[in-house]
Amino acid sequence: MFLPTFTTVFSAVFQLFIISAVAGVLVRTKIVSQTHIQALSAVTVNIFLPCLIVVKTVSQFDPSGFAQWWILPLSGVLISLAGLGMAFALFGRRPEKRAYISMASFQNAVYIVLPIGQLVFPDQFDRLALYCFLLILGLSPIMWSVGKVLISGDKDAAIRWQDFVTPPLVATLAAIFLVVSGTSAAIPDSLLSAMDLLGQATVPLAVFILGATLGGISLKDMPPFADVIRVTGVKFILMPAAAFAVMYGLGLYQSMPLFCSVIILQTSSPPATNLILMVRNYGGDERSVASMMLLQYLVCILAMPLWLSLWQTFAG
């Protein structure tokens, strides 16, 4: 059971790695510039991803049939707090290590989980995407407040409300309101179809943007080996192991199998690429953060298939 599952998941992750590697080469050879990537990122975050969120939420979110939906935002909060607790336990309160604490605590909840989910769970992708969007409701506020302060190294960094109000967050809240209020039925099918068409561009673009972002990173300024081990330990050992133990102990795999698979993917996911954007915008050691980021994404090529395969073997 383990080996077939691992082969399937690894194959899916490797497909994404190939696309990302090609994007990285295009950036390094100057065929694609950072200006191009910024434009693609802006269009994806402001248009394609919100369209995907609205369509999947309106079509999949049913509060009456999914009374436990609040567990997902709560899970986002708990995952963030658990990551922070483990990272602080390993790094201590040393100011120079704050950026690594942030990287160990906040995962890439969308741009890597959605592509893997689409390849591994094609028949359940719509529901999986909804789970990710609901989880982000709990994760995003903590990342853009505590995570921002830690990654920038400035305890006096301003926490602006504009940082929380992102197009994906607005799209998620708006879609939930439409469903809960019953007004989603009034949305014309033609409009939803058009939004769905735009939303389908999100996953391939997300993979390309991720690869292009990582492709511009240099490993010339390697972070200390001990710090690499600490971040890797939290991201790919402690967090997924804790999630595995809690969900298996509670028997959630029997009643919420897809939810459990999403949590395993989330807790074994590498650091959020938004952390690099925070360093660029608000200050911090960009080279050190970028090098650590690239190393963590290399590790995840094996770590994510390993943990999902272990989960499917024991609880599937």
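Glycine residues also receive a Cβ, built from the backbone N, Cα and C atoms like all the rest.
TrEMBL annotations: computationally assigned, not manually curated.
These features come from TrEMBL:
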TRANSMEM  6-27  transmembrane segment
TRANSMEM  39-58  transmembrane segment
TRANSMEM  70-92  transmembrane segment
TRANSMEM  99-122  transmembrane segment
TRANSMEM  128-147  transmembrane segment
TRANSMEM  168-187  transmembrane segment
TRANSMEM  199-219  transmembrane segment
TRANSMEM  231-250  transmembrane segment
TRANSMEM  289-310  transmembrane segment
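Within the same chain, residues 110, 126, 129-130, 133, 166-168, 170-172, 174-176, 178-179, 184, 187, 192, 195-196, 198-202, 205-206, 208-209, 212 sit at least 6 positions outside the transmembrane segment (39-58) and bring their C-beta atoms closer than 8 Å to a C-beta of that stretch. Of the Cβ pairs linking the transmembrane segment (289-310) with the transmembrane segment (6-27) and spaced 6 or more residues apart, 3 or more are under 8 Å, so the two regions touch. In this chain, the transmembrane segment (231-250) lies close to the transmembrane segment (70-92): three or more C-beta pairs between them fall below 8 angstroms, excluding pairs fewer than 6 positions apart. Beyond its flanks by at least six residues, the transmembrane segment (70-92) meets 100-102, 104-107, 109, 131, 134-140, 142-143, 146, 227, 230-231, 233-234, 238-239, 242-243, 259, 263, 266-267 of its own chain at Cβ-Cβ distances under 8 Å.
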